[in-house]
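Report on the structure given below.
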Amino acid sequence: MCGIIGYVGKREALPIVLDGLHRLEYRGYDSAGVAIHSGKGIKTARAVGKVAMLVEACDGKNFGGTAGLGHTRWATHGKPAEKNTHPHTDCTKSFYIAHNGIIENHDELRDELRAKGHTFKSETDSEVIAHLLEEEYRIFGSFEQAAQLTLQKIRGTYGLAMVSSYEPKKIIAARMGAPIVLGLGENENFVASDASPLLSHTRTVLYLQDGEMAVVMPDSYFVTTLDNKVVERGSETIEWDADKMQKGGYAHFTLKEIKEGPEVIENTLRGRLITENGLAKLGGLQSIEAKIRAVKRIIIVACGTALHAARVGEYMLEEYAGIPVEVEFSSEFRYRKPMIDVETLVIAISQSGETADTLEAIREAKRKGATTLGIVNVVGSTIARETDVGIYNHAGPEISVLSTKAYISQLAVLALLTVFLGRQRQLSLSMGKRILEELETLPPKIEKIFEQEQKIRKLAKRYAKYRHMLYLGRKYNFATAYEGALKVKEASYIHAEGCGAGEMKHGFIAMIDKAFPTVAIAPSDSVYDKMLSNIQEIKARGGRVLVIASEGDTRAIKLADDTLTIPKTLEMLSPILAIVPLQLFAYYLTLERKLDPDRPRNLAKSVTVE
Ligand code: AGP
């Protein structure tokens, strides 16, 4: 997610802000910028790429002032480009803002502001904030009041820092759904998106809560609610070091990103549900809605974890959208002779948007006349740019090599796409509504799974001695078996074998003995009884079984040696829940084997070569 740093005090602001941006680089970003009071208005610099390029862009410029802010951007609306880089300003260049989050009603605000004569320079949702400040200031002549009225008009999420040429010794910050923390120093104060850039200056901090706004000066600050009620809350002292800070207090990015699951589903769904009509709103598809309605066949190309998401999407789209779907390894698709025509939709799923095989598969599909659609997390990535249309995950940067939060976001996007396509076809309003309503219940259901974390850690301690494991699943959780096994393989280097449970008797069961345990994904669904039989067959051969069962299960838990449970949900959405305990299980197995889950040997975060 984006990074924000603001400073107001007695020292020159630019070096402090640039150093703060360096300390925010870990968050993942694609561009950076600064806005610094120079004593004669506000000077800015922006750069696409690394902070080092921004430092170069600032070189030689006189930024003299002792207040300003900086931002590292993780693109959500508008590709990485200088015009989209924060801080954004208004028509009069009197206000500069750095924003983290998504403004849901930015389209309507932009229209209203344009009607009042405002001109926009960027493609971002964030820029509307600067123009709203300009508009409100013109009426009230107060920076604080303009900020309060602006915040009352925007819907969505923000962690926000604002400066104005009218008040060179002041920063205003606000929080709604994205963190903002004040750093309190001696005759100097700070604003940031997390405390990591503050630690070299102060450990005395105050975290804003949702719906709060802070006015920060060199030797004082105050906090109010958006309806101007004063908030009295003491500061606190940070004990963490920078590394722990960057991981949100977790030991590894892998665990942090697994724990971000609930928030990721919320962000993936945000602004995309028209529940009362059972419709999914996918703005990126609007331009070719008619063409998509004519689609007769879908091919999904992907690699690794993204391919496992594709396999779940295959079942969703066939069952609820009534469209034939094939899933292809990108690396195979591009070398075989795929049958493609203008009624084929080729979907590429890729977290990074840079996977070479998937990119080449899309290029091959386009050569043959297919319509291409990208489900991508990194905005402005090559696959996002080269597919005809796309759906961004909005999962935020995934730092760990292990793909965890992106996977559940991919599944949620595929569920939205299923509703979108299904409601163009035979899917009823009531079933579309049912799926969307159930999607909204998933974040707290994922949180509930986290309550078993200590039990999972104990199970990992017990299973870490094994060198082999079999993962079994059927139908919607066929792919869960393969994804759960991949997590174990790539992080703990234990040989874990994913297997469709129906295939077990066609060879896999020969491996089972007391040294070869099985993880069976057996929620209460349409293939539950079949899974019970598979568990019994494993037990009859002396194999240990860890079952992932639904809450309230009474049969599987009697057969298995160890049990983890997931809340009940629609069968098509159960993979989103079933993978969560398996991600945690793989993480703790890795720790038991004294390995680093964030950076497994031999692996890269994005396989940009064949
Ligand atoms: C996932 O844990 C792996 N690191 C890997 O399989 C990954 O999913 C695969 O390389 C595809 O990457 P992409 O989603 O960025 O295209």
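Cβ coordinates are placed from backbone N, Cα and C, and glycine is handled just like the others.
If you look up TrEMBL, you'll see Cys2 marked as active site, nucleophile. The secondary structure of Cys2 (active site, nucleophile), as reduced to three states from DSSP, is coil rather than helix or strand.
TrEMBL lists Lys605 with the feature active site, for Fru-6P isomerization activity. Under 8 Å, Cβ to Cβ, and six or more positions away along its own chain, Lys605 (active site, for Fru-6P isomerization activity) finds Ser352, Glu398, Ile399, Ser400, Val401.
As annotated by TrEMBL, domain 'Glutamine amidotransferase type-2' applies to 2-219.
Annotation source TrEMBL lists domain 'SIS' at 288-427 (among others).
The domain 'SIS' feature in TrEMBL is assigned to 459-600 (among others). Mean pLDDT for the domain 'SIS' (459-600) in the predicted structure: 97.
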Cβ atoms other than its own within 10 Å of the Cβ of Cys2 (active site, nucleophile), all chains, total 26
